[in-house]
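Below is one structure, written out as C-alpha cells; comments come after it.
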Amino acid sequence: MMILGIETSCDETAIAVLEIKNGKITVLSNTVSSQVKLHAKFGGVVPNLAAREHAKNIGLVFKLSLKKAGVKDFGKEIRLITVTRGPGLGPSLLVGLAFARTIAWKYNKPLIGVNHLEGHIYSNWLKPVGVNSTLRSFSKVGPVLNLIVSGGHTELVLMKGHGKYKIIGETLDDAVGEAFDKVARLLGLGYPGGPMISKIAERGDSTRFPLPRPMLNSKNFDFSYSGLKTAVLYLLRDLKESGEKINKQTKADIAASFQKAATDVLVFKTIKAVQEYKVKSLFLSGGVSANKELRKRLATEAKKIGIKYSQPEMEYTGDNAAMIAVAGYFKVKSKNEKVKTDWGSIKMDANLGF
Ligand code: KG4
Ligand code: ZN
C-alpha cells in the first residue's frame, strides 16, 4: 500500500509518499519546500506569512512529490492520507489540514491526523529515499526512551508501544533548538541558528568560557534553557565592556562552549533516565538531532551502557512528511487508539500533547 504524508506545522511545506509492501517499508518521495529564507530577515517564523507560503506552494509540492514517487493514479494507488494536526503554528497547520481534507474528500480516502512529535519519533523507522528496509518491529526494541529536541520542544518520552506515551521530562521554558536560535542571533549568525552554531563550533574551544548547565543535578528529568541563553548574553556584554573584540575565533569559542553546555545536560539526563526507567533502547529525534556533537555523544554513551541506540537519517531530522506517513501507518495498524479516519472529524490542535 502507498501512504501520503502532509506536514505544514511550521515553516516547511512537506509532502511524502511511503510504500509498505511485503513487510518492507520504502520512502518513495520526501519533498520539502523550506521557507527559511523568507523568515530569516525577521529572525524567526512569522505565522501568517508561513501560512500564506504554505497555501501558495502546497499544490506544487503535492504534484512534485507524486511525480517523484511515480504515482500515476492517485485514486487507485494511495490507500491512506496522513496529516499533521498539531502541535505547531495554528495558521500553518490549517493549510495542511484543509488540503488533506480536500483530497480525502475528492478521492474518497481515509484521512488520519498525526501528532507532529509522534512523527519525529517515527523518523527513526525510515531509511533514505528509495532504500527499502524491513519494518522494525516494536517488540524487538521497546520500551523506548525518546529524546525529542526541536525548535519548540525538549522532551523525554517513554514509549511502551505504538500510541503509548508518557512524558517523563520536558523543558520548563525555552526549547533547546530555540536556545540555539537565540544564541545564534546574539552572535549575529542569522536564522535558523542551530546549523550555524554547530558549524562554527567545530573550530571553537568549548572550554574557553564556563557556562552554566541548568538543572543538571535536579532530581527530576526536566530541562531549562532560558538561563543558558541569558548567560551568553551577559558573557557578550562583559567581553565588550572589558574591551575584548568579538572576533571570529571568540564567536567560535562561545558557540562551542554553549553547544557543550547545552548537550552536556541533554546527554547526562537522558542517560540517567535510561537507567532509572531500565529501558534497553534510546531514540533521538527532532530538528536538533541533526547536531553532530549530540549524535556522537549519545551514540558513545549508549554503547558504553550497552543499550540500543537509534538516530534519524540526516534527511529526516528536520520537519518532513515521511515521518508523518509512517507514524500514521502505525497508528492505523496498531489500533491502540481510536483512529479517526473520517475527514470531517480531524481537528487542528496547535497545542496537541501526547
Ligand atoms: O524539528 P524542527 O525542524 O522544527 C520544529 O518542530 O521545531 O527543529 C528546528 C530546530 C531549530 O531550532 C534549529 O535551529 C534546530 O532545530 N537545529 C539544530 C541543528 N539543525 C537544526 N540545532 C542544533 N544543531 C543543529 N545542527
Ligand atoms: Zn519538528
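Cβ coordinates come from backbone N, Cα and C, glycine included.
Mean pLDDT across the domain 'Gcp-like' (26-325) comes to 96 in this model. The domain 'Gcp-like' annotation in TrEMBL covers 26-325.
Positions annotated as Fe cation binding site by TrEMBL: H116, H120, D319. There are 27 other Cβ atoms within 10 Å of the Cβ belonging to D319 (Fe cation binding site).
Secondary structure from DSSP puts N291 (substrate binding site) in coil. The C-beta environment of N291 (substrate binding site), restricted to residues of the same chain at least 6 apart in sequence and closer than 8 Å, consists of G194, S198, Q259, T263. What TrEMBL records for I148, V149, S150, G151, G152, D181, G194, N291 is substrate binding site.
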Other C-beta atoms that fall within 10 angstroms of the C-beta of S150 (substrate binding site)
24
Whole-number answer please: how many Å between the C-alpha atoms of V149 (substrate binding site) and H120 (Fe cation binding site)?
9
Spatial neighbours, same chain, of H116 (Fe cation binding site) - Cβ under 8 Å, 6+ residues apart:
E7, S9, T84, G86, P87, G88, D319, I324, L352
Secondary structure at G194 (substrate binding site) (DSSP, helix/strand/coil)?
helix
Least Cβ-crowded entry, counting other Cβ within 10 Å, from the binding-site residues listed as G151, G152, G194:
G152
Round to a whole number and give the Cα-to-Cα distance in Å for the pair D181 (substrate binding site) and H120 (Fe cation binding site).
19
